[in-house]
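The structure's right below; bear with me while I get my questions together.
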Amino acid sequence: MQNIDLISEKEAQKLLEELADKIAAYNHAYYIEDNPLVSDSEYDQLFNTNLKLEQKFPHLILENSPSKKVGAKIANKFAKVTHQVPMLSLSNAFDEQDVRDFVDRIKNFLRLNEFAPIFCEPKIDGLSFSAVYKNGVLTTGATRGDGYVGEDITANIKTIKNFPHKIDNVPEFLEVRGEIYIEKQDFLNLNKEQEEQGKDKFANPRNAAAGSLRQLDASITAKRPLKYFVYSGGVTEQNLASSQDQLLTKLKECGFNINEISKLASSEEEIFAFYEYLKTNREDLPYEIDGVVYKLNDFALQNRMGFIARSPRFATAHKFPAIIGQTQLLSITVQVGRTGTLTPVAELEPIEIGGVTVSRATLHNFQEIARKDVRIKDYVFLQRAGDVIPKIMGVDFDKRPNDTATFDTPLFCLSCNSKLHYMPEDIIIRCDNGLNCPAQNYERIRHFVSKNAMDIEGLGRKQVEFLIDKGLISNPLDIFFLKEKNDSSLAKLENMDGWGKKSVENLFKNIEKSKNVSLPRFIYALGIRHIGEQNAKLLAREVGSYNNFIAQMELLRTNEPDIYQKLNNLEGIGDKILVDIIDFFDVKENIELIKKLGEILNIEDYKETREQSSLTDKIVVFTGSLPTISRAEAKATAEKLGAKVTAGVSSNTDLVVAGVDAGSKLKKAKELNIKIIDEEEWLTLIKNV
């Protein structure tokens, strides 16, 4: 077989025609005549060659392509793509004060005396993408995914009209980022086609764009009216330009679509004027927008500000006001989460708000129901802002029917019937029955296998529920013995409703694959209360390895003061979260489960992804007022260089940077003979590393 990387377009066309005929013959023999002509591996090699050719030359996809045929073995998932620079989300601003706070944070962080120009642009309500060019040729298209790892959509992105496949006069490696969307009228036309073909309609333009782009068959994507805008670079933007406005000008010259509706603001007044203009005229735009994005225009200043865990410090999204609607509340159901918290949910007469069909809304907590006097059959006001879960704002008392019914706060868990525990002020109600509560156990397993945890594909909500109901799994550990149990059972999983030979084979492969897991993902997968992805990374970074994690958690539960203080010094981990961690490890079954998982999983040690330097893993404390840089900038720089910045001085501290009016921390550092430097020495140090 020819090397696909070197093949010409003419050769590819001929080879695709040959493959189509050959695979069609093999499909007929295999599926119709039950008489395979080639081995599975030989068939797969031919089929994969066809797919790779179509990915490289999507405009050459044939009408009789084997990738379109029912009998063909179409790939069941996209390849993973790791983003060299994370595609983080933006922080939100909901009113003018939030925006002023954003501007003030920039001034304070950078110690600026005047307004730094802000680039303003519409926030398109679409699907984020990354496109990588090597030597000017598009090589990879990817979704944002979880911000760190996305899905390879190269073949699909090449089908979008006017999307450049080749560009000139750019660096050897170039990444651009943007938004793929569907215009309003195209969305209506697409839904009309879906309805005529007896298919489900899309809820909104964003879902339509996402569903169209994430097609395993690129020819389906090609038929969808997708459009795009680029709005930033990734790895190389500073090599192209020194500011956001210059970058967009350069990208436009390269042939990319940019949104011409933008504003370089030189004051807060200009920011708000642009926001009001877009808010007033948003309905006249051909596409959906849900706010305005503000970015520091100067890339050098952006670089100084850097990022926090989930978003850049130098940008924010000013969201448009929430859209209000009214509908009838049909009933109130109660959900039990993986940590036992009970949440009331309003079941509603379906209503369309801002292009989205809403049939459920959050009621937050039981006290909220009483405070707002919400009753079953009431007509309620709903609020929806962006992708936030809709919430009930209040009741239309003028329309209250005579037959409304009040909702009684439960005294016993609806899943396990154990007595509920009322938290302070009755705001939170919790079932403390742990894994003996079926609902908590189910949610815990669902969390364990989820994408950002163990990432076991093929174990969705329905599959987990099925396996629990059939007694095949009762805890996360059972998942890894599922194949062994299935092999020895007379009632095979592949013969049960909703399963098949291929889906079961894929599930077992994915379970096996998941056994190699990073320490942060493993900690997150455990489902400890208040330990989300970021806190899991903080803990993983602190302990370093699985064995250290187990050892330190067991010391923590025995109230070892040094361990408690060390973890308490981590930013994001405080007394409340430490209590939750201790409560989790106080449960004997939890420790046993984690140790057994440790025996069968390959839990990788924490890998530092930040810059490595002489400051890496050094514990640094800043105290007093620094003359020329803000404390926030100093802390951000230290962390970027691999240091751990803590709030308090201890015997573990490596360095104290003391500014003006340094107090007790400086005194303690001297008592412990810890190295102390001033701001000037700090700036020299970071310059040299």
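Even glycines carry a Cβ here, placed using N, Cα and C.
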Among Cys254, Cys431, which residue shares the Zn(2+) site with Cys413, Cys416, Cys437 according to Swiss-Prot?
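Among Cys254, Cys431, only Cys431 appears alongside Cys413, Cys416, Cys437 as Zn(2+)-binding in Swiss-Prot.
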Using the centroid of the Cβ atoms of Cys413, Cys416, Cys431, Cys437 as reference, list every other same-chain residue with Cβ within 8 Å of it (recorded Zn(2+) site), in sequence order.
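Surrounding the site, in chain order, are Val336, Gly340, Leu414, Ser415, Asn417, Ser418, Leu420, Asn433, Asn436, Pro438, Ala439, Gln440.
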Around the Cβ of Lys295 (NAD(+) binding site), how many other Cβ atoms lie within 10 Å? Please give the count over every shown protein chain.
22
Specify the count of other C-beta atoms within 10 Å of the C-beta of Cys413 (Zn(2+) binding site).
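Result for Cys413 (Zn(2+) binding site): 24 other Cβ atoms within 10 Å.
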Per DSSP, how many helix, strand and coil residues does the domain 'BRCT' (610-689) have?
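Tallied per class, the domain 'BRCT' (610-689) gives 28 helix, 16 strand, 36 coil.
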Can you figure out which of Leu90, Lys123, Lys295 (the recorded positions) comes closest in space to Cys437 (Zn(2+) binding site), comparing Cα atoms?
Leu90
Quick one: pull the CA-CA distance for Arg144 (NAD(+) binding site) versus Lys123 (active site, N6-AMP-lysine intermediate), whole Å only.
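Here the two Cα atoms lie 16 Å apart.
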What is the total of other Cβ atoms whose distance to the Cβ of Lys123 (active site, N6-AMP-lysine intermediate) is within 10 Å?
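Total other Cβ atoms inside 10 Å, all chains included: 21.
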What does the structure give for the C-alpha distance between Leu90 (NAD(+) binding site) and Cys416 (Zn(2+) binding site)? Integer Å is fine.
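The Cα atom of Leu90 (NAD(+) binding site) is 40 Å away from the Cα atom of Cys416 (Zn(2+) binding site).
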